[in-house]
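Taken straight from TrEMBL:
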BINDING   A:5-33, A:68-69, A:ASN73, A:THR99, A:LYS249  NAD(+) binding site
DOMAIN    A:7-165  domain '6-phosphogluconate dehydrogenase NADP-binding'
DOMAIN    A:168-294  domain '3-hydroxyisobutyrate dehydrogenase-like NAD-binding'
ACT_SITE  A:LYS174  active site
Protein chains: 4
Amino acid sequence: MASKTPVGFIGLGNMGNPMAKNLVKHGYPVIAYDVFPEACKEFQDLGAQVTESPADVAERADRIITMLPSSPNVREVYTGANGILKKVKKGSLLIDSSTIDPAVSKELAKAVEKMGAVFMDAPVSGGVGAARAGNLTFMVGGVEQEFNAAKELLTCMGSNVIYCGEVGTGQAAKICNNMLLAISMIGTAETMNLGIRLGLDPKLLAKILNMSSGRCWSSDTYNPVPGVMEGVPSANNYQGGFGTTLMAKDLGLAQISATNSMTPVPLGSQAHQIYRMMCAKGYALKDFSAVFQFLREEETL
Amino acid sequence: MASKTPVGFIGLGNMGNPMAKNLVKHGYPVIAYDVFPEACKEFQDLGAQVTESPADVAERADRIITMLPSSPNVREVYTGANGILKKVKKGSLLIDSSTIDPAVSKELAKAVEKMGAVFMDAPVSGGVGAARAGNLTFMVGGVEQEFNAAKELLTCMGSNVIYCGEVGTGQAAKICNNMLLAISMIGTAETMNLGIRLGLDPKLLAKILNMSSGRCWSSDTYNPVPGVMEGVPSANNYQGGFGTTLMAKDLGLAQISATNSMTPVPLGSQAHQIYRMMCAKGYALKDFSAVFQFLREEETL
Amino acid sequence: MASKTPVGFIGLGNMGNPMAKNLVKHGYPVIAYDVFPEACKEFQDLGAQVTESPADVAERADRIITMLPSSPNVREVYTGANGILKKVKKGSLLIDSSTIDPAVSKELAKAVEKMGAVFMDAPVSGGVGAARAGNLTFMVGGVEQEFNAAKELLTCMGSNVIYCGEVGTGQAAKICNNMLLAISMIGTAETMNLGIRLGLDPKLLAKILNMSSGRCWSSDTYNPVPGVMEGVPSANNYQGGFGTTLMAKDLGLAQISATNSMTPVPLGSQAHQIYRMMCAKGYALKDFSAVFQFLREEETL
Amino acid sequence: MASKTPVGFIGLGNMGNPMAKNLVKHGYPVIAYDVFPEACKEFQDLGAQVTESPADVAERADRIITMLPSSPNVREVYTGANGILKKVKKGSLLIDSSTIDPAVSKELAKAVEKMGAVFMDAPVSGGVGAARAGNLTFMVGGVEQEFNAAKELLTCMGSNVIYCGEVGTGQAAKICNNMLLAISMIGTAETMNLGIRLGLDPKLLAKILNMSSGRCWSSDTYNPVPGVMEGVPSANNYQGGFGTTLMAKDLGLAQISATNSMTPVPLGSQAHQIYRMMCAKGYALKDFSAVFQFLREEETL
């Protein structure tokens, strides 16, 4: 174990914290950084080396994982005044697990390549629970020859590591899945609501959909209607799960990618607008299946 | 066999023809009517009795199945000058397998009840192939005590007969399923198109979606992208399958039901508009998965 | 004055009440009916004859105006057990000023014609204020030869009486205008909101739009942003004006007409969904320009 | 005249060409650059100095106007290897009349400020005709003290120069106007189409809308229905005017600004999708009012 070379980890938030801990568990010496020093403290106690900046991390580790909230944070961590690129070593492997605009991933990959290092995008699916359990899914984009090196680290944190293609395709796969998920979830919510108003029992309707061509993950695994399934957010007042705010963010990325590639996404863009409106109507922190509740509210005078 | 009492069948088109033949095969004497006399000829040869009007059918049979294109046709067949209601016998069982507005089903059920007879709505899923093979799915709405009597006939034509609740809920279940189907199909099409433009291989993307939360019948069983699956309309230039025109019709019914019940269906109404536009752009007779092709077309100057 | 022949008036609600009073003011003996007897009391005091049913009205007057909330009410008043058609005299002129589905207008016109009488649809624009002041706009559909006879009565209540074409076109003109109004209003609201978030002063932005190609009635006459104009509902917490509930109703009629005529209305159907959602989120009784407030709400965690 | 100091002009395309000519007409010595050398030739003949790069322009002129197709072009001209910023003089005034993402305008303004110069965004409304006639409208964002200096130049090319606020608000005003314009145009097109299918005469319907609350620039000045008005693109097979491709581009900018500012734009985003689809269906080069034709096409089997 002691022979393992250190791994840098930047961004120790809700997701990064359990991910980095899984690296520690697998015996990797971790070189940690977070913009909030208190986030690092726990890792100091676990024996990790805590640093002052992304540049410091790059100086001490030639494999670095970043897990940050959004594109501007990732840009800053890479290209900022004390960013990774200031001290990155030739041949380093830089893996970004943040969910960001694939165009930004490509832009950073070019900058990294100029320094003689390698960049891969590897966003995850699965939430905090999967991060803790170490069974995230990683969708990986980048040079294929480096995929095995990345996979070695990522399998410490995930049970499923999929090679998607060139840089940016990991992000693309993630935002595509989440866009279709949002569309199916809103579709399931409005369909269930319509059926109920037309006199159908919700459990029966779900059963019919699930044995028919309307079947989808949102109807058969994560049904948004309270009382239809157990163990899902709709059974628990839409707590836990995947927050509406995060879904709105991912749909914003899909929208930007679609706009830039001139791709028509009529339902994806409408789904984006609906989650946007929900965020402003008190649903920001509820699970995204709460769109059923949002649409369900009765008209009253 | 000879002891079976006759069954009326009105509407011998693409769907009604094979359905009525399955009744004949099961030994039921069929009393047939169609607005186009030539549609009946084949049944005469099969030993069916051919009549001059729906009223005539009602005079000779106390169980009648109707299979017609749209609400006005069903209204005419029931309440027209020579309609069923002119001669319907007390205690008759009238089953309408057309796909129509559930509000019209309810209206007809009331009129039928006044005559001392029973009305059930029993629209089908599954197309001409399933009608021939006798494995349609029937979604049945009406008085529960009469369900078994209806089921006896419907099982001659379908492998799946589901009781949905009071009159109109069969229609409700059907249009709900088809609305969610349309939403998921368009969603799958725009997602696949976006992924392809972002550099993903379509087969790989389908595989990722199908193991993730974006999974739906349209992605895993009826994928709209040529080359991803075999034996589906997208593998055959979108021929066969479920026509865009028929999907547009069902979405129109969903829209009217939603408007009348003041139910918000933001994606359902957008799906309706998209299939509406496709009908006017040369896609009317293609399978509804051709929405991929519709969205796929490249912008050119 | 005494020589004027009586005019029937059915439906003495918010709109019907001041309209019927204007007929009285112009010297017409009014034969009144309302489903709520108390609504008639005031007219009794004004010297009107109050009756027991629409049929009674038809017995005593050969010109009748109806002003009712929705299609089912109009159907009942015409074709119900004690409806107008039970006693309508040959040659009567029946004018419906309700806003309803043009298909229902056509259906009633046929039934009226069978009785040897004439039906015209004449929905109004302008609210309660215009009804009081007698300056409503009437959009009239029906046989052109009868237009002058209708106009004689309608000019007592409105300043603008427009002949639109055959039966149903009055309704068509009204719902077309209101659909475009709803689209422009939502468009103005989201545009103003976007501009404000991008740093523009709302008054300046309104001024720029109003001198440019974005100009519309909603931006230059009825601006939805508080502080931009005086004397409009947005200056008075969205009280008064044209209620969100009424706009949702008219958009529902537009939607049904569009569905039945297979006309794509992508923005009209989306506008309908938005007003539908607003009704369920506490905006039902606010002026329809409150969509600015609905979209304006900030996202907070 | 000879005493006027030179003005740099970068981007001599459809719009830039007549704009720069108007500067020449007003006696300004022009320092010209275009990425296509042949675009400069004409200006050489007019006595302008033609240069090799944006940096060269910056070396020779301390007032520069840029008129380029999109954000990446503007970025390249400013920050590229031979970009303006390589040689810009302190105190220079740099005016960008391209229509781009306001976030990019802000980013460039910061970079320009670091060099001791001033950046203003000044996109135009009015097309090639207005550029030739010198009556464009300029919407200007930037430091207020510099507005008069900018106005001196811009009035040579436009009849209307409006100060909008800080950097980026010129772009904001432009994309807001065009978003509302697109929404109103599509709304007018679907309303006119619905009215026609419901039996209304198009001229009459336009007249009714224009005297009512549905009135907008698209209905009263630029009606999209052939036969309603003269001298507009709809009277000339949708040739000339403002191309669908350009509208789609501006709506993409509005979409990106809305996504980044988390502003819900439900109709704006739908308008974007519709123009996107039109571009792929053969409408790219037609005037944007051709959306009427797009929606008008009849369904046929």
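Glycine too: its Cβ is placed from the backbone N, Cα and C atoms.
A quick note: this is a predicted structure, and the numbers were derived from the prediction, not measured.
Across the domain '6-phosphogluconate dehydrogenase NADP-binding' (A:7-165), the model assigns an average pLDDT of 96. In this structure, A:MET15 (NAD(+) binding site) belongs to neither helix nor strand by DSSP; it is coil. Distance from the CA of A:LYS174 (active site) to the CA of A:ALA20 (NAD(+) binding site) is 21 Å.
Between A:ILE10 (NAD(+) binding site) and A:LYS174 (active site), the C-alpha separation comes to 21 Å. Here the domain '3-hydroxyisobutyrate dehydrogenase-like NAD-binding' (A:168-294) is broken down by DSSP into helix, strand and coil counts: 88 helix, 3 strand, 36 coil. Taking the Cβ of A:VAL30 (NAD(+) binding site) as centre and 10 Å as the limit, one finds 22 other Cβ atoms among all the protein chains shown. Neighbour list (A:THR5 (NAD(+) binding site), Cβ cut-off 8 Å, at least 6 residues apart, same chain): A:PRO29, A:ALA61, A:ASP62, A:ARG63. Within the set of binding-site residues (A:ILE10, A:MET15, A:ALA20), the lowest number of other Cβ atoms found within 10 Å of a Cβ is recorded at A:MET15. A strand conformation is recorded for A:VAL30 (NAD(+) binding site) in the three-state DSSP classification. Neighbours of A:PRO69 (NAD(+) binding site), defined as other CB atoms within 10 A of its CB across all chains, total 17. Local packing around the Cβ, expressed as the count of other Cβ atoms within 10 angstroms, is greatest for A:LYS174 among the recorded positions A:LYS25, A:LYS174.
Within 10 Å of the residue listed as 'active site', counting C-alpha to C-alpha distances, fall none of the binding-site residues A:MET15, A:LYS25, A:VAL30, A:PRO69.
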